[in-house]
């Protein structure tokens, strides 16, 4: 057996012993705590930090070592749980999936809450309207008739048809990047449509008509102006605008 | 303070909590209290799959699965529970499929299955395809599917409610469940939930290690609350180190990568697992693989300038296969390491992953107050619980199975109990403990900081209570933790507010981690043998004569208020299988 000699790829966490990986970076964070003041302020924090670390690591460093009142949500820290969507240098991203080196640390890095949802404290927003829109599209498998004893059969192609939209982690990066949503909080928003798509195009589902009627509403898919912000914002790489277009097409052709 | 009254209260909204909630909501007035929004739970980070002997792609049966589970757990598994797990696995997978879970499919359209560590055909002959999966996001799909079905069933959630205390009242000399006390993150308000039945499904406690696959929020709040109220914790010394965490970060790279053909290599490019596990090789059980990796590192065959890791090599696998079967973990390597897994091997090291121990329960999910006595109205399921189906080492894909099988069982049992039981009177001043804890932290002017104590705790746990343990390292850990607990009494927080005070909650979570770390180290010190995930260099062999038994740790408070841990032991349930030497 040919065995490759492993000496490649020393990139990644940490560097070689001796040279300091640290840089100085400024984090400019939007602060708001109505318990203290109604004023929004911007506060700068200067950190010595390894640029290969995550923005979330920087936020932790600030919270744990400088200012414990800095408030944000986070959990898994590797882009799976969807807790820490925020606006970093004007773009929606997950703080745990954004490395400092990738966002130009030579200039102050701005961090603010995602837009279009009420800010409750610092980077924490009220997620309830977001989840309500999700619940409103009936995001669950709807079937008729008797259940089979074994699994329902589905071809690999039929399974592939909706694979992209199953990746959604409900982080709200897409919905809160959408200019239509900013101006009209009643709009279902991209994430809810993505989750409707996930079922409409699932060959096992029989609730497509109901969901399409919900999205045919004046606050439904027709409000989408195809700005592609959502697709750009999605940390899971879901082609959201395409999914919304597919739902629109399904509404016209009633084929899906 | 607000009070609420429900038949059934479920603590936690990960896989086990939501699976329980789907059952309990159909049968009783149920509330789910969760410190995270449900879809944020760490079930979503599980990758590789859920084991069930569906035999869709090759011959398999639940008896082989039971045997593998018992052997994988190094014979500390309660065999009656393992049999239930393996038998009910099949329906658990089919139930999820019917709820809408998008499993990967075979060419025939049935659920596809792949190989996973420790799962074998015919009692260890060769690896078997038993893991039902959805790419490398099986946990994500389970979490989403269960939440979707909670929406469908109208499950009532209290999001961002931290349960900090368990309430029990004595009725006719028996301690019965009365409810829980929760802290509402948004407002700082304290809520008392009176309930006939309570199900703890609050997850693991892996955050007392530094290099860990666990979320920041996995701080063992449920285990700590039960322990403080005098209930035992079982087998806490058994903690699983997953072989393939991203070097230094600990982010999980699924065992499914090796199930798909990935190979572990040392600095010479050698496939070293052939030496340690000639049959199962890279797919031996996790404890075996993690020890083998550290043996390579200790003997100077580790990679990198500091020789502190090994490689997971996927470069011989076709890129299409990686894209289809392992899309997320290959993306992690690109995002966090800047490495292209098509062409370069990925630096990995073992990462603290899963607590085999927890709150002891029987197979109905009922919590035990000692070796045999059930606490009426109290249930636990998932990583917080110890049934024990995992024994001394859990097999990969058995945790997603555990949360579904025992989450369902606990939900049904709790709701059925609530249907006939009466409410138990709340203890006098039910919120006193939590109020005291919160007020003390808010008003403390002490000089100790959460971050420093947590860092010291994680460092001592990584150094002393990891893959290799000795009397000396464990004693060092016990002493260090005791001194950290002392320092913790002078901890203060900077945020004194009521609104979204995560500073305060991190301090409370640290207190829980300290309590549980102490139980873990003390239990490990007393177990003078090596078994599964617990490896003592000074006692390298399994000792079935003296230690074929579960550890039961109790918190004791002396008359002068001093706290100590008392250890007791519980027999292992053996049915079909006699302990044998464990070879892979």
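Backbone N, Cα and C atoms are what each Cβ position is placed from, and that goes for glycine too.
It should be emphasised that the depicted structure is a prediction, and the values quoted were computed from it without experimental measurement.
In TrEMBL, the feature coiled coil is placed on B:467-494, out of the ranges B:439-466, B:467-494, B:495-522.
Closest to residue B:394 (substrate binding site) in space, going by CA atoms and restricting to the recorded positions B:16, B:42, B:286, is B:286. Below 8 angstroms of C-beta separation, residues 241, 290-291, 294, 350, 441-442, 444-450, 453, 456-457, 460-461, 501, 503-504, 506-507, 510-511, 514-515, 517-518, 521-522, 524-525, 534-538 of the same chain, each at least six residues beyond the ends of the coiled coil (B:467-494), sit close to that stretch.
Summary: among the binding-site residues (B:254, B:399), the fewest other C-beta atoms within 10 A of the C-beta are counted at B:399. For the recorded site, residue B:36 (FAD binding site), the DSSP three-state label reads coil.
With a threshold of 8 Å between Cβ atoms, the binding-site residues B:40, B:48, B:242, B:254, B:353, B:394 that neighbour chain A are B:40. In this structure the alpha carbons, written CA, of residue B:42 (tele-8alpha-FAD histidine) and residue B:36 (FAD binding site) are 10 Å apart.
For the binding-site residues shown (B:12, B:44), fewest C-beta neighbours within 10 angstroms: B:44. Secondary structure from DSSP puts residue B:254 (substrate binding site) in coil. Taking the C-alpha positions, the distance from residue B:286 (active site, proton acceptor) to residue B:399 (FAD binding site) comes to 13 Å.
Within 8 Å of the centroid of the Cβ atoms of B:242, B:254, B:353, B:394, where the record puts substrate, the same chain has further Cβ atoms from B:213, B:240, B:243, B:252, B:255, B:286, B:354, B:396, B:399.
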